[in-house]
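Chemist: For reference, the structure I am asking about is given below.
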Amino acid sequence: MASRQRGATDPAGDREILSAGDVARTVARMAHQIIEKTALDAPSAPDVVLMGIPSRGAPLARRLAAKIAEFSGRTVLEGTLDITLYRDDLRRGPTRPLEATKLPEGGIDDKLVVLVDDVLFSGRTIRSALDALRDHGRPRAVQLAVLVDRGHRELPIRADYVGKNLPTSKTEDVVVMLEEFDGRDGVVLK
Amino acid sequence: MKHLLSTDGLDRDQAIAILDTADRLKQALLGREVRKLPTLRGRTVITMFYENSTRTRVSFEIAGKWMSADVINVSSSGSSVSKGESLRDTALTLQAAGADCVIVRHPASGAAHRLAGWLKHTNTSVVNAGDGMHEHPTQALLDAATLRDRLGSLDGRRVAIVGDVLHSRVARSNVHLLTTLGAEVTLVAPPTLLPTGVENWPVTVSHEIDSELASQDAVMLLRVQAERMTGGFFPSSREYSIAYGLNERRLKLLPEHAVVLHPGPMLRGMEIASVVADSPQAAITEQVRNGVHVRMAVLYHLLAHEEETA
């Protein structure tokens, strides 16, 4: 939606926070930050594995991996980690369908794992992801990258890489749209 | 879903949801050091087996344990059942003791349905692990999972079920589930081993195996259930084996991609020749492996959601 101004509110009361171009720039910036913080371009660089949390964390991890390869010349492995079986609220709603889990070749033992998700909110998803990782192996360290941090944490968890800090009220809804699922990129506050 | 009593009551979406969950569980557990998920922590699953079983009971027990449920096994010998306690009283006792799920195998057709009726106003789920000659839904689900692995989708696929259909709960559950999933089922058996009313089932019936094999995507062999037979259903085991057993010659009549299934326990040399059971087309050990994932999926769909007391 090229005609829409960033920050403008449409008749339905939705406010666009990031346009498609902003999402691309944000992912590129996060890729640079990951390269810098993990010293990925140094000779003694660690093995970095990006693990996307379905659904929208998975394509974000793929995009970050591609950008990291482009900027640093280093290939980083990526995979997906479904956390549904580790949720603490399964008995508070209808049955949740499971999503894919796919570990990269070689697993996560002694790797620097960067968890990737679209929105960081209560922190409960990340708590579940840490539990899930523990069952898959023993990474040497775990970091967290999120496209949007909307606040309202319920657990002592923070992200290492944040695309956009977005102060929200608890009643608002942050919707991340990605080409792979929604036909276009963007972040909207409803 | 509160209970799993039959595949008859399972619609396509529910069946596919369970099979998809089983696939995901298999994927999530692949190559893991710790084969344990915390999903059913603090839930109690009781298996209640009034008939002998190796694979089904063990499979349910492993499924529950891999999802961190507490699993307790009750068998009819060694419990108050041997003192004459009724199924109803045993079930109510187990429910009162805190069972979230009762998995029952019983020689009487309809036992699981009765049990679900008695536990209607409680939160306890019931899974039918085989009731007499009626249904064995998790067996049909693991068969479908195995066929999906090997053949992709079941839509338009042709499956022959061969042997003692009359006494087989596996056959009944499979006929319902396979047709729900879009497969065409052919029953192959001597007239004495077909139930009355089979003409109203959504299947084709044949008494001759050789002519059916070339067009099948899968053959499911059934054990001849001597323990349920009271009269003479066929002249001799040798004759049965010659007429309906899947031997090496018949294996060659099948298309190359066709899958051979057997719910076990197998009688090698009777309904299935040893070479056939060990051939690459046989998926019998895959069935057992898939059985664990399918039963984990069933427990997930029954226990991992908000309570429903319907």
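Using the three backbone atoms N, Cα and C, a Cβ is placed for every residue, glycine included.
No curator has checked TrEMBL annotations; they are predicted automatically.
Sharing the features that TrEMBL gives for it:
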- B:2-148: domain 'Aspartate/ornithine carbamoyltransferase carbamoyl-P binding' (DOMAIN)
- B:Arg55, B:Thr56, B:Arg105, B:His136, B:Gln139, B:Gly264, B:Pro265: carbamoyl phosphate binding site (BINDING)
- B:Lys83, B:Arg169, B:Arg223: L-aspartate binding site (BINDING)
- B:156-302: domain 'Aspartate/ornithine carbamoyltransferase Asp/Orn-binding' (DOMAIN)
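Give me the structural setting of these features: burial, nearby parts and distances.
Modeler: In the predicted model, the domain 'Aspartate/ornithine carbamoyltransferase carbamoyl-P binding' (B:2-148) has a mean pLDDT of 93.
The Cβ of B:Gly264 (carbamoyl phosphate binding site) has B:Arg55, B:Arg223, B:Ile284, B:Gln287, B:Val288 as same-chain neighbours under 8 Å, each 6 or more residues away in sequence.
Sequence-distant neighbours of B:Lys83 (L-aspartate binding site) (same chain, 6+ apart, CB under 8 A from its CB) do not exist here.
DSSP assignment over the domain 'Aspartate/ornithine carbamoyltransferase Asp/Orn-binding' (B:156-302) gives 62 helix, 24 strand, 61 coil.
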Chemist: What kind of secondary structure is B:His136 (carbamoyl phosphate binding site) part of, going by DSSP in three states?
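Modeler: In three-state terms, B:His136 (carbamoyl phosphate binding site) counts as coil.
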Chemist: Rounded to the nearest angstrom, how far is the Cα of B:Arg169 (L-aspartate binding site) from the Cα of B:Pro265 (carbamoyl phosphate binding site)?
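Modeler: Rounded to the nearest whole number, the Cα-Cα distance is 14 Å.
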Chemist: Would you give the longest CA-CA distance, in whole angstrom, between residues of B:Arg55, B:Thr56, B:Arg105, B:His136, B:Gln139, B:Gly264, B:Pro265, the set recorded as binding carbamoyl phosphate?
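Modeler: Max span of the carbamoyl phosphate binding residues, Cα based, is 16 Å.
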Chemist: Can you tell me how many other Cβ atoms are located within 10 Å of the Cβ belonging to B:Arg55 (carbamoyl phosphate binding site)?
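Modeler: Within a 10 Å radius of the Cβ of B:Arg55 (carbamoyl phosphate binding site) lie 16 other Cβ atoms.
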Chemist: Please determine which of the binding-site residues listed here (B:Thr56, B:Gln139) has the lowest count of neighbouring CB atoms within 10 Å.
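Modeler: Result for the binding-site residues B:Thr56, B:Gln139: minimum number of other Cβ atoms within 10 Å at B:Thr56.
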